[in-house]
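> Please see the structure below; I have some questions.
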């Protein structure tokens with residue numbers, strides 16, 4: 001965009017987890033005792049620059065107080081707050097100017113005649129000598145089917161008039177992708193009036209995707225992302241948020257149960273078992289497996305768990321890996337299971353064989369649950385830690401390796417298709433939360449802001465090593481495992497049946513599907529989590 005376009009345009013627009021161990025023992029024992037019984041008793045262009053301070057002043061951040069404090073959302077530099085219904089309001093907009101309004105939610109101004117006058121002024125400015133603003137905008141929407149949801153310039157205006165949030169989000173993302181600062185800034189202003197952290201799923205997700213667009217538009221993804229990050233709550237608060245997410249959605253339970261089933265099957269005849277968990281977090285996954293091993297005919301094996309986790313995330317574990325080890329040891333003692341715990345507070349990128357405590361005479365299981373997508377691959381680092389870890393593990397000759405990952409494609413995708421994928425994926429997740437927690441429930445706002453919003457902002461606003469949320473589809477994971485020398489380890493049909501029983505406790509819009517030896521958990525027609533095993 002030429003400087004004259006941006007200068008004139010400025011005159012017309014003034015402008016996102018796991019259940020804690022404390023209190024979970026009894027819950028898990030009762031919730032998943034069926035699994036334990038069944039397993040062992042049933043057998044290029046230069047970009048026009050945004051003013052960073054202007055963006056900071058005009059858009060809300062994700063810094064938020066706890067939901068129990070009225071959902072106030074404000075940064076130290078921002079003039080924006082959330083109104084009583086959760087939509088942003090600043091010093092230029094009345095708190096009553098919300099998406100729910102029949103006029104202000106869909107028009108640039110509340111007065112129809114004034115709107116037409118403003119539109120005429122807009123067209124006069126934009127259809128001058130520099131009319132390529134509209135030409136370039138229209139030409140994009142004729143390029144492919146993925147953009148047909150938005151259409152031409154006229155359809156964008158129609159979407160604004162009708163308050164079609166999804167189409168406007170996509171149009172704004174395309175403007176950002178095209179470095180069209182004028183169009184992006186104008187559409188961000190429109191979006192700001194439409195999103196709400198207390199609204200419908202698309203409104204809530206839209207609030208966080210708007211934050212990602214603003215951060216990316218500032219061309220400083222890392223620093224803006226850090227300024228947009230919600231303040232990390234106290235340890236107990238964060239555990240509470242993750243507990244709620246774990247409880248209201250079956251995604252983590254599905255992943256843990258399917259992986260545990262594969263490990264239990266592979267180790268059914270072993271006397272000494274060593275499990276390496278590359279992201280142990282709270283250790284919640286192993287509660288059910290210890291319980292299952294306790295019921296094994298002939299007695300339980302000796303279990304040793306090596307728990308790996310980045311020391312930077314110790315705040316989420318109230319004291320680090322030692323606390324996890326003590327709690328699991330206490331649980332194992334309760335079930336009369338011989339148990340050892342070895343902690344390795346180290347980033348996955350730094351893990352070497354010497355950190356894993358391998359002993360002769362132990363059958364080895366390796367668990368990659370919601371972890372590998374955080375490892376940089378060949379598109380980020382010449383070391384390609386994603387494939388390096390797989391080759392390292394293969395060299396240990398494990399009996400089984402379990403993989404659980406989000407079924408999404410955001411790793412090497414360019415920004416715009418990555419935006420579309422993120423919009424589709426997280427909209428399904430927000431919808432699934434919506435059927436369990438009421439819109440006004442303080443816990444819902446907290447888990448979405450503290451557990452999901454940062455993921456969204458990172459995917460959209462950051463690149464290179466700063467973008468740590470890099471999901472791949474299972475098809476790509478299959479290629480990586482195959483190249484590392486692994487072969488598929490089919491999941492037990494008994495595990496499938498147990499997970500189907502688990503889903504009976506949730507909405508019937510969740511679906512479980514088995515394809516090519518892997519399990520997929522989806523919401524309606526969208527796959528969200530995939531689980532498989534290798535040897």
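Every residue gets a Cβ built from N, Cα and C, even glycine.
All TrEMBL annotations are machine predictions without curation.
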> Which stretch does TrEMBL mark as region 'Leucine repeat II (LRII)', out of 125-157, 323-355, 356-388?
323-355
> Could you check which of 273-277, 278-282, 283-287, 288-292 is flagged in TrEMBL as motif 'VHIID'?
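Spelled out, TrEMBL records motif 'VHIID' over residues 273-277, not the other listed ranges.
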> Same-chain Cβ contacts of the region 'Leucine repeat II (LRII)' (323-355) under 8 Å, 6 or more residues past its ends?
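Answer is 21-22, 25, 278-283, 286-287, 290-291, 293-294, 300-312, 314, 317, 371, 374-376, 383, 385, 389, 392, 395-396.
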> Which value does the mean pLDDT take for the region 'Leucine repeat II (LRII)' (323-355) in this predicted structure?
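Over the region 'Leucine repeat II (LRII)' (323-355), the predicted model scores a mean pLDDT of 93.
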> So, by DSSP, how many helix, strand and coil residues make up the region 'SAW' (461-535)?
25 helix, 22 strand, 28 coil
